[in-house]
Amino acid sequence: MTDKSKESGSGKLLYCSFCGKSQHEVRKLIAGPSVYICDECVDLCNDIIREEIKDVLPKKESEALPTPKQIREHLDDYVIGQDYAKKVLAVAVYNHYKRLRNGDTTSEGVELGKSNILLIGPTGSGKTLLAETLARFLDVPFTMADATTLTEAGYVGEDVENIIQKLLQKCDYDVAKAERGIVYIDEIDKISRKAENPSITRDVSGEGVQQALLKLIEGTVASVPPQGGRKHPQQEFLQVDTSKILFICGGAFAGLDKVIEQRVATGTGIGFGAEVRSKNETKTVGELFTQVEPEDLVKYGLIPEFIGRLPVTTTLTELDEEALIQILCEPKNALTKQYAALFELEDAELEFREDALRAIAKKAMERKTGARGLRSILESVLLETMYELPSATDVSKVVIDESVINGESEPLLIYSNADNQAAGAE
């Protein structure tokens, strides 16, 4: 091989055989048998090969699958409470990926079935966060779908196969990657049958969607148009095997507690023989959810076939005040840590006092929005401060106490050039 400096002695102008640039337009021109390549094309080739190796080479199978204990420990870092749900999810997810790694059939010829998951719990209890955290930890594609937007094929709304299309989009239409993914279908309780008895009128967003989801969740080869767009006969479809995809369905199931209570209630007779129960015996929604049975879900409006496709059912409890305070402070990406990091970018420290955290938790409890309501409370409390802080000078610390949360006072600003004075005012 020679470079352009050796060839230029002949006086002949040389060009790169790939991009056509002359030897004067590039730093280096490398010669081969009757061909030349410039340094820019070499760099481009290196980039292409590097990208292809990164995308094509699978992860080493020797990499150990995280054990249920390790999965649970990781969930503990991001999700507060819900210990039973974490344990159930850890075991179900571990078994699912162990099945994928070792094939559907054991050495004895036993076929391993797929165990999709149903999460039942009040709003803001951590259903979505659990699914997202699992997918991130396992480094698999993840997508969310809203069951309320789904309709039967042929009606206005989203087709159930759009769920698989979203998953493919997340992994650049790599079918093999998508088949290892996790799909979380939220608001699954909203597609319950409108009446317990089947109606003669079509229920395109309720029972119809459940019927459409059956095969997708159980395992079928879904035909998905590449790069989105509507289906048409001349189009080639991507074939995705959904039997390898883990489906997690979640919903608040408002009113399910009444169905369970009706079933478990004893002494419902009338007259002198009736058993009188005191108010103290009344169970909370979370306690009733733990006693859920398939028959309760059928009565609620899910069809038996659909419930059968979700064999792993776990419930999440309502978050109490102490749990909400922990959520504000303890997880790796806790809200107080997020806002503190934002303030740090403005060279200011953000401090929440203990009474402030309790007041925030109390407000969220009153709103009955669970952990989801915490961010909106903090946003409204810190709005003025976040608006003024970038323009202010010498603010070294912002202190939030209970009176600020209750709207009785403004956040305390401590200035770096008047520390003693600010401390005295405090």
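Every residue, even glycine, has its Cβ placed from backbone N, Cα and C.
Fair warning: this is a prediction, and the values are worked out from it, not measured in the lab.
Sequence annotations record features per position, and here Swiss-Prot assigns domain 'ClpX-type ZB' to 4-57. Taking the domain 'ClpX-type ZB' (4-57) as a whole, pLDDT averages 80 in the prediction.
Listed in sequence order, Cys38, Glu40, Cys41 are the same-chain residues six or more apart from Cys19 (Zn(2+) binding site) with CB atoms under 8 A from its CB. DSSP assigns Cys19 (Zn(2+) binding site) to coil, not to a helix or a strand. If you look up Swiss-Prot, you'll see Cys16, Cys19, Cys38, Cys41 marked as Zn(2+) binding site.
According to Swiss-Prot, the ATP binding site annotation covers Pro122, Thr123, Gly124, Ser125, Gly126, Lys127, Thr128, Leu129, on the basis of sequence analysis. Every protein chain shown contributes to the tally, and the Cβ of Leu129 (ATP binding site) ends up with 20 other Cβ atoms within 10 Å.
According to its DSSP assignment, Lys127 (ATP binding site) is helical. Here the binding-site residues are Thr123, Ser125, Thr128, and the one ringed by the most other CB atoms within 10 angstroms is Ser125.
Taking the mean position of the Cβ atoms of Cys16, Cys19, Cys38, Cys41 as the Zn(2+) site, the remaining same-chain residues with a Cβ inside 8 Å of that point are Ser17, Phe18, Gly20, Lys21, Val26, Leu29, Tyr36, Ile37, Asp39, Glu40, Val42.
A simple way to gauge crowding: the CB of Cys41 (Zn(2+) binding site) has 18 other CB atoms within 10 angstroms, across all the protein chains here.
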